[in-house]
Amino acid sequence: MAEQSVLLCTSGYDHTIRFWEALSGICVRTIQHTESQVNRIAISPDKRFLAAAGNPHVRLYDAQSNNGTPITSFEGHTANVTALGFQSAGRWIVTGSEDGSIKIWDIRSPNVQRDYQLKAPVTDVIIHPNQGELVSCDQNGTIKVWDLGENKCTHELVPEEDVPVRSVSMAIDGSILVAGNNKGNVYVWRTKNKGDFTDLEAVKQVSAHKTYITKCLLSPDTRSLVTCSADTTVKIWSSIDHGFEQEKTLKGHQRWVWDAAFSADSAYLVTGSSDNSARLWDLSTAETIRHYNGHQKAVVCVALHDISI
C-alpha cells in the first residue's frame, strides 16, 4: 500500500477503525478493534502510526500497511481513555482517562513516563504548542495546566462551578485557549505573552449551544473556532481579534456530533456523529461535500492528516 498523502480515519462504538479516501468517500481499510469501543484516534506527525484509545487500553497501529494487529499496547489506565495526542516529533503520546489520570508514554518503550492524578474523570487533554506543557479539562469543571519541566500543575481555571468542561483547544501560536462545557458555553482566555500562562486573561464567554458542547477546536490558521454539539449542529465562529462572532452553522448530521478535524489549510472540516456517519464540509459554503458511510454505530472520533511530509 503506497503511503497515503491524505490520511482520514474514523472510529467509534462499532469496534472498527476505518480508513477513507477523503475525496472519493471510499473506505480503503478497516481495522477490527474487537475488545472495546474507540473513544479517540490520533495520527502520528510522520503518518506512520494510528493510535486508538479504548477502554481501558491504548493501541498503536501501522497506518501504512494492511496489518490490523497492534504494534504496541499502552497498558495502565483502568477506565475509558477519553483523550489522546501525539507530541509534535512523534516521540511520545499523552492520554487522559475517566480513571482520573493523565499519562505520558514513550512510543518506543510503552512505559508510563509521567502520571498525573486528578480528582475527577478527565474529558480532554491537549499538548501546548510549545510541547512543554499540557492543558486538561475534567468532569468537575476544572481546566489545569501541567508543566512537564516542573512536573506539576501550575495553573487552574474553573469557568463554571460543577459544570463539566468537555473540550479544550489552543491556538497554534499559543495566543488563545478555548474551552467548551456541558451547558453549551465557550470560554476564551488570551495569553499576553504568547503561550505564557502566568498572564492568562479571560476575554470572552459565548453561549454557543443550548446543550452539551462535545468538541471545540481552533483552526490551524487560528482564524476560526469550531464547536460540535449534542444539538446535531457544528458552528463556526470567527476568532479574529477575539470577536468570536458566529459565521456559519453546519447542518446535516441527524444526531449528536462528537468530533471534528480541520484540513491543514483550514478550508475543510471532517465531523463524526451518532448518526453512524462522518462528513467532509467545505467551510466556504458550509456544504457537505462527502459522506463517509459504513459504520454500524456512532462515529465518535475522527482524525485527518493531509500535510505533505
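Glycine is treated like the rest: Cβ placed from N, Cα and C.
Listed features, source TrEMBL:
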REPEAT    1-30  repeat 'WD'
REPEAT    74-115  repeat 'WD'
REPEAT    122-156  repeat 'WD'
REPEAT    206-238  repeat 'WD'
REPEAT    250-291  repeat 'WD'
Given 1-30, 122-156, 250-291, the one sharing the most C-beta pairs under 8 Å with the repeat 'WD' (74-115) is 122-156
Grouping DSSP H, G, I as helix and E, B as strand, the residues of the repeat 'WD' (122-156) number 0 helix, 22 strand, 13 coil
TODO: May I ask you to check whether the repeat 'WD' (250-291) and the repeat 'WD' (1-30) make contact, with contact taken as at least three Cβ pairs under 8 Å and only pairs 6 or more apart in sequence counted?
DONE: yes
Reduced to three DSSP states, the repeat 'WD' (1-30) has 0 helix, 15 strand, 15 coil
Mean per-residue pLDDT in the repeat 'WD' (206-238) works out to 98
Counted with DSSP (H/G/I as helix, E/B as strand, rest coil), the repeat 'WD' (74-115) has 0 helix, 23 strand, 19 coil
The answer for the repeat 'WD' (206-238), taking Cβ pairs under 8 Å and residues 6+ beyond its ends, is 166-173, 175-176, 178-186, 188, 244-251, 253-262, 264-266, 269, 271, 273, 281, 283, 286
DSSP composition of the repeat 'WD' (250-291), residue counts helix/strand/coil, works out to 0 helix, 24 strand, 18 coil
The correct DSSP tally for the repeat 'WD' (206-238) reads 0 helix, 19 strand, 14 coil
